[in-house]
Amino acid sequence: MIIDWYPGHMKKARAQIVEVLPTIDLIIEVLDARLPVSSANPLLEKLRGAKPCIKVLNKKDLADPTVTKAWVGFFEQQQRVKAIPLEAKDRRDVGLLPKLCRTMAPNRGNKGQKPLRVMVVGIPNVGKSTLINTLAGKRMARVGDKPAITTCPQKIDLRNGILLSDTPGLLWPAMDDQAGACRLAASGAIGDNAFDPPDIALMTIEYLVGKYPALLLQGYQLTDLPENSTEILMEIGRRRGCLVKGGDVDLNRAAIQFLRDLRAGKLGRISLERPGEAPVPPGDSDSDESSL
Ligand code: G4P
């Protein structure tokens, strides 16, 4: 699997995080609610020390609510961590964050106190910019795929005692765990040209057969599920008109269509990992120089 991040890039981002952290009172780490472990980079847990952290389980509208609730419990077992599921474009959801920030860092941000300095971090595509824009009430955050922390980040005054960096801190996806990398690809966090769509679609279908068979049946109006993932993908291809001349299924197109349906939530609210199932929770890994 190819990915755009290279060691020099990661090293630079790491150095920038180390430099910026002392000027931050609270971290908002944006995760994808569908895959909160695979969409985290364990580096952050290692670097944050005792700094309070809010784990935003974003894109809750796409995730299985029962599983998301279980993730909140999972993360809140960690020291100085609160977790909150939300939809970054939803002002009501995002409106809950400032109060939570003040609860997490009670010595700042209240009347007569110094401002509470907050930074939003996460891997690409989890919704950092969307969240910053909703918090600020206007279009602020630059979206990009390069480590974007500057040594002197501009701050947005939210006028409620909170100063927010206008540039999201960019982490890179930890790609050393193959299953996690596949889930990231399925979620759309990794560009489609970095992987083989049928590989990712077949692995995802296998997972859905185990966890969400009814959604697969319903989503593609199937009466029963064919015997294996390839047959299911072929059937999806037929249903979605992904055919080549002569009527055979174009497996690549079928895979791309299936992944599109999944990411758009057309199959329903689906979580791609659950507490206890995920390989290595962030912060518990000893083997991650490759993810650092
Ligand atoms: P980033 O800064 O972390 O890289 O992520 P960004 O905010 O650019 O969001 C990445 C994509 O995720 C965007 O979609 C954005 O609309 C979508 N997104 C963010 N938050 C949520 C959410 O809570 N729910 C859902 N369903 N989607 C969310 P896009 O298609 O790349 O861009 P756009 O066409 O929406 O502008």
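Each residue, glycine too, has its Cβ placed from N, Cα and C.
In TrEMBL this protein carries:
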type	residues	note
DOMAIN	10-173	domain 'CP-type G'
BINDING	N58, K59, K60, D61, N125, V126, G127, K128, S129, T130, G169	GTP binding site
REGION	270-292	region 'Disordered'
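Of the binding-site residues N58, N125, S129, N58 has the largest number of other Cβ atoms within 10 Å of its own Cβ. Confidence over the domain 'CP-type G' (10-173), given as mean pLDDT on the 0 to 100 scale, stands at 88.
Taking a Cβ cut-off of under 6 Å from any atom of ligand 1, the binding-site residues N58, N125, G127, G169 reduce to N58, N125, G127.
Within 10 Å of the Cβ of K60 (GTP binding site) there are 21 other Cβ atoms, across all protein chains.
A simple way to gauge crowding: the CB of G169 (GTP binding site) has 25 other CB atoms within 10 angstroms, across all the protein chains here.
Packing around G127 (GTP binding site) is summarised by its Cβ count: 23 other Cβ atoms lie within 10 angstroms of its Cβ, all protein chains included. Secondary structure from DSSP puts N125 (GTP binding site) in coil.
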